[in-house]
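Features reported for this protein in Swiss-Prot:
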DISULFID  C22-C87  disulfide bond
DISULFID  C39-C62  disulfide bond
DISULFID  C48-C67  disulfide bond
DISULFID  C52-C69  disulfide bond
DOMAIN    26-88  domain 'LCN-type CS-alpha/beta'
SIGNAL    1-23  signal peptide
Amino acid sequence: MKIGVLFTIISMLCLLEVRKICSKKEGGYPRYFSFGYKCQNWGTNEYCRTVCQLHKGEYGYCYAGDCYCEGLTEENRLFWNVYRKYCKNPLFD
């Protein structure tokens with residue numbers, strides 16, 4: 001009985017730790033207005049890398065016809081959020 005409870009507790013702690021480690025890296029599809037950045041060359045390509053650099057992501061590639069960025073945060077997902085945050089423009093100051 002004690003071994004079963006101990007095993008259950010250890011298993012749950014391991015699962016929580018794995019979820020925490022795996023969920024650290026954010027990512028997603030950057031958006032230009034409400035549309036994604038379309039691409040045709042699946043895999044790594046210069047266009048998606050440039051798009052991800054624009055959105056302050058770490059690395060980009062084409063997946064399922066849209067550019068996908070590793071390390072993309074929620075606040076930098078939309079183009080206008082990035083523009084307002086990083087570009088100097090007297091209209092937004």
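Backbone N, Cα and C define each Cβ position, glycine as well.
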Around the Cβ of C67 (disulfide bond), how many other Cβ atoms lie within 10 Å? Please give the count over every shown protein chain.
25
Take the domain 'LCN-type CS-alpha/beta' (26-88) and count its residues per DSSP category (helix H/G/I, strand E/B, coil), listing them in that order.
20 helix, 19 strand, 24 coil
Given the disulfide-bonded residues C48, C52, C69, C87, which lie close to C62 (disulfide bond), meaning Cα to Cα within 10 A?
C48, C69
Which one is closest to C52 (disulfide bond) in space, judged by CA to CA distance, out of the disulfide-bonded residues C39, C67, C87?
C67
Site with most surrounding Cβ atoms, counting all protein chains shown within 10 Å, from the disulfide-bonded residues C39, C52, C62, C69, C87:
C69
Just the number: how many Å between the Cα atoms of C69 (disulfide bond) and C39 (disulfide bond)?
13
Give me the CA-CA distance between C39 (disulfide bond) and C87 (disulfide bond), in Å, as a whole number.
25
Give the number of CB atoms, excluding that of C48 (disulfide bond) itself, located within 10 Å of its CB.
25
What is the interatomic distance between the Cα atoms of C48 (disulfide bond) and C87 (disulfide bond), given in whole Å?
20
Pairwise Cα distance for C87 (disulfide bond)/C67 (disulfide bond) [Å, integer]:
22
